[in-house]
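Pulled from TrEMBL:
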{"type": "COMPBIAS", "residues": "1-21", "note": "compositional bias 'Basic and acidic residues'"}
{"type": "COMPBIAS", "residues": "29-41", "note": "compositional bias 'Low complexity'"}
{"type": "COMPBIAS", "residues": "580-590", "note": "compositional bias 'Polar residues'"}
{"type": "COMPBIAS", "residues": "596-615", "note": "compositional bias 'Basic residues'"}
{"type": "COMPBIAS", "residues": "657-669", "note": "compositional bias 'Basic and acidic residues'"}
{"type": "COMPBIAS", "residues": "676-690", "note": "compositional bias 'Polar residues'"}
{"type": "DOMAIN", "residues": "69-104", "note": "domain 'FCS-type'"}
{"type": "REGION", "residues": "1-48", "note": "region 'Disordered'"}
{"type": "REGION", "residues": "580-698", "note": "region 'Disordered'"}
{"type": "REPEAT", "residues": "165-269", "note": "repeat 'MBT'"}
{"type": "REPEAT", "residues": "277-371", "note": "repeat 'MBT'"}
{"type": "REPEAT", "residues": "373-478", "note": "repeat 'MBT'"}
{"type": "REPEAT", "residues": "486-582", "note": "repeat 'MBT'"}
Amino acid sequence: MEDARDLAERTARSERKRRDSFGMFDGYDSCSEESTSSSSSEDSEDDVVRSIPASLPIIKNNGQVYTYPDGKAGMATCEMCGMVGVRDAFYSKTKRFCSVSCSRSYSSNSKKASILARLQGKPPTKKAKVLQKQPLMAKLAAYAQYQASQQNQAKSKSVVPPESFDWGRYICSSSTVGAPVSCFKHAPMGTCWGDIEEGVRIEVPNSDTNLSTKVYWIAEIIKLAGFKALLRYEGFDNDTSKDFWCNLCIPEVHPVGWCASSNKPLVPPKSIQHKYSNWKPILVKRLTGAKTLPMDFTAKVRENMQFPFKKLMRVEVVDKNYLCRTRVALVEQVIGGRLRLVYEDNGLDDFWCHMYSPLIHNIGWSRSIGHRFKRSDVTKKAEGQVDAPAQLFQKVKDVDQSEEWFKDGMKLEAIDPLNLSAICVATVKKVLADGYLMIGIDGSEAIDGSDWFCYHAMSPSIFPVGFCEINNIELTPPKGYTKLPFKWFDYLRETGSIAAPVKLFNKEVPNHGFRIGMKLEAVDLMEPRLVCVATVTRIVHRLLRIHFDGWEDEYDQWVDCESPDLYPVGWCQLTGYQLQPPASQSNRDTPMSVPKQKKKTPQYKGQKKKRKIPVGRRPFSQSGRRRSSFSGDEEQSPPTYCVQGPARPRAHLHPIHKSESLLRMKEDPADGDEFTFTQGTSDQESNGSGSYYIKQEP
């Protein structure tokens, strides 16, 4: 009987405990925050409070005193004993417990009783009191360590140079616009930028606050310029005093709702925090129906910053000393899709281009189309080297060469690769396979053809005869041609040539979205390691005239609207590449080591400046601060340039007249190991029908 009564009593007690546990939140709202400690403990706490520096805010919780450091560590509450303290001093990575004992006790049978006592305002257990003495000292020790780390961080930050160019200030001061990201299909986010426009709301860090922790607030996009956006915190309305520019692709930018899902605080800026007593209904009203970033925006940015080319991949690339042939090169560095290549047989000679550039190809490309190729002295691949897969390279449009096609000797107009500001009279020198052509500039060709260059038939850099005249572009006549102004009809009759048929050229004009005056970041193709601040100054169908801000018009370059060497505003900041700012008047007037170029005499309407090797060898410094990117590769060092003031494209190249360059080429005969493949070529000249009709003038 006694055993039965004991069993019944134990069962009743367990039932009462179960009911208490299930109903433990019934009196939570009325629980007291007052201290239940003894007077002696209160005196000791007062002594502790007096010993704490006045600059530290003091937090009291259940009779315990803690300090809140003025850093970004934040506070945490122990899930076992209810201790409140500095988060960094808590135990484990999750920071859920103040000590190892609380972590172990949480999973024990006394867990529910301890939580119930804390919620009901009852004194903690003896064990909990002992544990509470430790975190206070631990927090103070952590704060001392935190101060030391902050000092060290401040010292390290002091040696980091500031950003050399402020796009936001530059755009606002000149009242210009940046080209939209959607104009650059090859750039990160170029194909998935979506409906990001003015008026979109986002969540960004709140810099207008006195809080020591990192808090966020909602901002509206006021103006877009490439990746960068002019933002205004919600609640400022027409007040522009706190507007700021921000790159939308940095990790600190999030769609509306991210703070709620990530348990991050939304705190209004201090300048307007008293504007409304309750911000919640205001935000609900203003954000209803508003656009924000896609929820996977950050993931897409990271995905777009992954590039397929890796270090030590082997490619074929144009020989910058002999444009008519290619050489094997190794990928040395990848930054934002741009490749720093070094020739396999000369590791000190580098070459910068984009991974979608028409200047690079897969191994074996030259042999397949009949292009000249310089065989490397290296007979065996080094460890880690691998041929870049053919699918990584930009594909060209298939063409049908079986019907009417280009013939050797046909005339056309082409952008001079040695002077990209000029469109010149040119000739088809040789027809290769797969739609490729070897082109030469009339009046400037070397006897051995060493300055021929390869263009695909669908290249946007070649045009039919009369293109410049129709579009009011100055055509550069052959060097030494004296019958000016130049007339195509007379020239074709004098040379006994025919014009390439118009129907063979690329007439597709995409809806590129560029407008005159738009700002962007552009590669100086005469010094391709430099990415410069630039402006679109003219648009002719799909052809863009790119002007480098701060420099004379003679340095302008004709570039296709889909060129992989054009980037949105903020691309350099996103990828960690160095941006060359506009040159000031003082920088341009400062005497340089490079001799000043003489202007051509009026009777010549040819090149406005002396020709230069397009991609000569330049100093490359690996020094300077290493900057990280989202590419997933090792931390890269962007190009560092030894130029005083804003670096001018071609600043490191001495001006070389093309005749001098060709003379050097003639005196330095081609190497004996150079191969010329003839597969798929045509050596016959034709005067067949299909020539471009030119109106005969009386």
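Cβ coordinates come from backbone N, Cα and C, glycine included.
Please treat TrEMBL annotations as automatic predictions, because they have not gone through curation.
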Q: Note the mean pLDDT of the repeat 'MBT' (277-371), expressed as a whole number.
A: 93
Q: Take the repeat 'MBT' (277-371) and count its residues per DSSP category (helix H/G/I, strand E/B, coil), listing them in that order.
A: 22 helix, 39 strand, 34 coil
Q.
Give me the DSSP three-state residue breakdown of the repeat 'MBT' (165-269), ordered helix, strand, coil.
A. 16 helix, 29 strand, 60 coil
